[in-house]
Amino acid sequence: SLAGIENLPCELQRNFQLMRELDQRTEDKKAEIDSLAAAYIESVKNLLPEQRVEHLKKIQSAYSKCKEYSDDKVQLAMQTYEMVDKHIRRLDADLARFEADLKDKLEGSDFETPGSRSLKKGRSQKDKRSSRGRGRRTSEEDTPKKKKLKGGSEFADTILSVHPSDVLDMPVDPNEPTYCLCHQVSYGEMIGCDNPDCPIEWFHFACVDLTTKPKGKWFCPRCVQERKKKK
């Protein structure tokens, strides 16, 4: 993973250089088209029908070449994006695994460490207004509600199970609030738990096995378990 990231700048530089060369080829071909068009207009009256067709075919061929260069440039840009996206996903998956390990260690501890208290305090005071709102939510509210962490072991509980394959595919602002069972920032379609006391409140569709918004009230897996225990 680290070795791949170390090579990333060189791969990006190579791709951008190829894109620049394709762009230059396109510009050269456009200049050639302008020249062919000017020559055609200047001599069209003296050309035979066959010569006119041949000249127009040259112009059409040059336009086709321009389109090929442009298509190649778009494909290269998409490959470059996917290459960066792949590395970001790997980093996010590693981060998710790290958080899962941290959760296991915290759950195995019999007391709350000063570090966890400090981190809990920092997270509870996080500015939720910094959310960039990258995804659609199934509630009419623009942003998820501000959350508080309750109890000594609540920090460990909020991390819960992690889904490395569903992590966000964009760089994350460290000040952006996180939600859901996967403990990631908001993205894609999200649904709010109808339990007003839910400590998490907002969930990504994929993390709770949803593809569309269910009818009626919806409760997250945590709250469903709590309701069952009370019964």
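Just so you know, glycine gets a Cβ as well, placed from its N, Cα and C.
Annotations in TrEMBL come from automatic prediction, not curation.
What TrEMBL records for this protein:
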- CYS180, CYS182, HIS204, CYS207: Zn(2+) 1 binding site (BINDING)
- CYS193, CYS198, CYS220, CYS223: Zn(2+) 2 binding site (BINDING)
- 177-226: domain 'PHD-type' (DOMAIN)
- 107-151: region 'Disordered' (REGION)
- TYR179: site 'Histone H3K4me3 binding' (SITE)
- MET190: site 'Histone H3K4me3 binding' (SITE)
- ASP194: site 'Histone H3K4me3 binding' (SITE)
- TRP202: site 'Histone H3K4me3 binding' (SITE)
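Annotated features taken from TrEMBL, shown on the structure.
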{"residue": "TYR179", "record": "site 'Histone H3K4me3 binding'", "Cβ neighbours (10 Å)": "23"}
{"residue": "CYS180", "record": "Zn(2+) 1 binding site", "Cβ neighbours (10 Å)": "26"}
{"residue": "CYS182", "record": "Zn(2+) 1 binding site", "Cβ neighbours (10 Å)": "26"}
{"residue": "MET190", "record": "site 'Histone H3K4me3 binding'", "Cβ neighbours (10 Å)": "23"}
{"residue": "CYS193", "record": "Zn(2+) 2 binding site", "Cβ neighbours (10 Å)": "21"}
{"residue": "ASP194", "record": "site 'Histone H3K4me3 binding'", "Cβ neighbours (10 Å)": "14"}
{"residue": "TRP202", "record": "site 'Histone H3K4me3 binding'", "Cβ neighbours (10 Å)": "23"}
{"residue": "HIS204", "record": "Zn(2+) 1 binding site", "Cβ neighbours (10 Å)": "25"}
{"residue": "CYS207", "record": "Zn(2+) 1 binding site", "Cβ neighbours (10 Å)": "23"}
{"residue": "CYS223", "record": "Zn(2+) 2 binding site", "Cβ neighbours (10 Å)": "17"}
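Fewest Cβ neighbours within 10 Å among the binding-site residues CYS198, CYS220: this applies to CYS198. Taking only the Cα positions, the spacing between TYR179 (site 'Histone H3K4me3 binding') and HIS204 (Zn(2+) 1 binding site) is 8 angstrom. Closest by Cα distance to CYS223 (Zn(2+) 2 binding site), from the recorded positions CYS180, MET190, ASP194, HIS204, is ASP194. Relative to ASP194 (site 'Histone H3K4me3 binding'), the binding-site residues with Cα atoms inside 10 Å are CYS220, the candidates having been CYS180, CYS182, HIS204, CYS207, CYS220. The Zn(2+) 2 site is defined by CYS193, CYS198, CYS220, CYS223, and by the 8 Å test on Cβ atoms against their centroid, the other residues of the chain that qualify are ASP194, ASN195, ILE200, GLU201, PHE203, PHE219, PRO221, ARG222, VAL224.
DSSP states for the domain 'PHD-type' (177-226), grouped as helix (H, G, I), strand (E, B) and coil, give 9 helix, 10 strand, 31 coil. Taking Cα separation as the measure, MET190 (site 'Histone H3K4me3 binding') is nearest to HIS204 of the binding-site residues CYS180, CYS182, CYS198, HIS204, CYS220. Confidence annotation: the domain 'PHD-type' (177-226) carries a mean pLDDT of 87 in the model.
Rounded to a whole number, the C-alpha distance linking CYS207 (Zn(2+) 1 binding site) with CYS220 (Zn(2+) 2 binding site) is 10 angstrom.
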